[in-house]
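Peer 1: What follows is a structure written as structure tokens; I'll ask about it next.
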Amino acid sequence: MAFAPEDPILERYFKGHKAAVTSVDFSPSAKRLASASWDTFLMLWDFKPQPKAFRYVGHKDVVTSVQFSPLGNLVASASRDRTVRLWIPDRKGKSSEFKAHTAPVRSVDFSCDGQFLATASEDKSIKVWNMYRQRFLYSLYRHTHWVCCAKFSADGRLIVSCSEDKTVKIWDTNNKLCINSFTDSEGFANFVSFNPSGTCIASAGSDHTVKLWDIRVNKLLQNYQVHSGAVNCLSFHPSGNYLITASSDGTLKILDLVEGRLIYTLQGHTGPVFAVSFSKGGQQFTSGGADAQILLWKTNFDEMSYKDLLKKNIKRLHFDAPPHLLDIYPRTAHHHDRKPDSVEINPKLEVVNLQTSDPLVVDVVSSDTSNSTTSHSAQPPLRIHGPPPSTKMDHPTASLSSQGIPTANEIPPDDSTPHFLNPVLGHPASISSTVSMEKKPEDKGNSIPFMAADGQRSIPMAVTDALEHIMEQLNVLTQTVSILEQRLTLTEDKLKDCLENQQKIYTREHRS
């Protein structure tokens, strides 16, 4: 079948990882790409002017998730080595290590303002971190099995999480409580995400389904059954009209959420596809899978008006009953059967002169492997600081180079990072020229003075040794609490079984 002008196009593919790609993410400017892999490496890919690749060495096990911060000046990664790392995406590869989880970490997600980071782990918990002070804030406990994914809503007020306990939970970040829970009896969700407006959540199911829930009325809106294997990841188009999914059946699917149908099946990977992500503007998306390749696609379907696109596709698509995604009060859940007449695109068969990119890979070894932070450590591992309280930021990078901290000129060009400042508060467009950094009530007493290049203040060696000892003890305490939590869960399960048995016996005796 000939391609239409609005069809997605595979632009190029990248080879550099030595094992399956588990996660991919665009930088805010869409000029760079971050990827994570089973080979224990995080890689950064620069698209222009010449493709470049940097392999970041630091994790000791599979890297499960990766994400750029909203300003693009930090990259967070999660790993099966039970740690989370924050990387400065430059040639020096400075990183800071967070140790709070007691089991493999499955996902990382920045809040849209960059102030917080949410991490999900197989220790059944979700942890939230303060990015300015780079310290642990609080944990969310209600899942009874491994937590696969946790994502912030666009306004940061909510967190959605999914677990192998077959539930999807909504959390209020203000009171730190679970305010809603959706249950799927047939399978569990591998991945979950809010739509751009924050009114719906989508889940990628191990039972081959993609489900959309309206959190305003707590009802299932759409249930797509278009894959023949587990759905591993999904990504909303910034418009909220499209959803792309990645599956173990080796395909990517693009769903039209307004019309409620599958419109594209993309074949390019060999084997399961584990990761997919739209760029911030929606002009591109990228995917990664078991074949260790990263594919870069261009989207054209938004260049035409939606009505024109429907007219052009009317002969190529099967129209079924419309969904209720835009209804405030949906009538019933909308179910979809697999339709073989969607547009199928196989670049290996159809695309001629495919542009390939095998750039020279440069290894970057983390230069901050020893400076780790526990769940209650307050020392900022990455020494990136904004101006003192109430100081104007006319020359934000003037004092950074003297401290040995990379400035904007030393970082590969990226429109999203015109100035390299504090990881959260440094973007001129997002803050006023005068910023007050007074301590919040919860922060008082938790910040630790550090050795500054201008000689402002230093930590005595005895205090440093004491802090290291405290961090070691906190690690032990964290592990002990996790073990106690597991034992409590087992006890609760046994008590529940006992109560159910007693109820059955009572019912039996009462009937007799």
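Cβ coordinates are placed from backbone N, Cα and C, and glycine is handled just like the others.
Please treat TrEMBL annotations as automatic predictions, because they have not gone through curation.
Remember, predicted model here, so these are calculated numbers, not experimental data.
From TrEMBL, for reference:
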type	residues	note
REPEAT	14-48	repeat 'WD'
REPEAT	56-87	repeat 'WD'
REPEAT	98-139	repeat 'WD'
REPEAT	140-181	repeat 'WD'
REPEAT	182-223	repeat 'WD'
REPEAT	224-265	repeat 'WD'
REPEAT	266-307	repeat 'WD'
REGION	366-401	region 'Disordered'
COMPBIAS	366-377	compositional bias 'Low complexity'
Peer 1: Below 8 Å between Cβ atoms, which of the listed ranges 14-48, 56-87, 98-139, 140-181, 182-223 makes the most pairs with the repeat 'WD' (266-307)?
Peer 2: 14-48
Peer 1: Considering only Cβ pairs within less than 8 angstroms, which of the stretches 56-87, 98-139, 140-181, 182-223, 224-265 has the most against the repeat 'WD' (14-48)?
Peer 2: 56-87
Peer 1: Restricting to the repeat 'WD' (224-265), what is the model's mean pLDDT?
Peer 2: 94
Peer 1: Over the span of the repeat 'WD' (182-223), count residues by DSSP class, listing helix, strand and coil in order.
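Peer 2: The breakdown for the repeat 'WD' (182-223) reads 0 helix, 24 strand, 18 coil.
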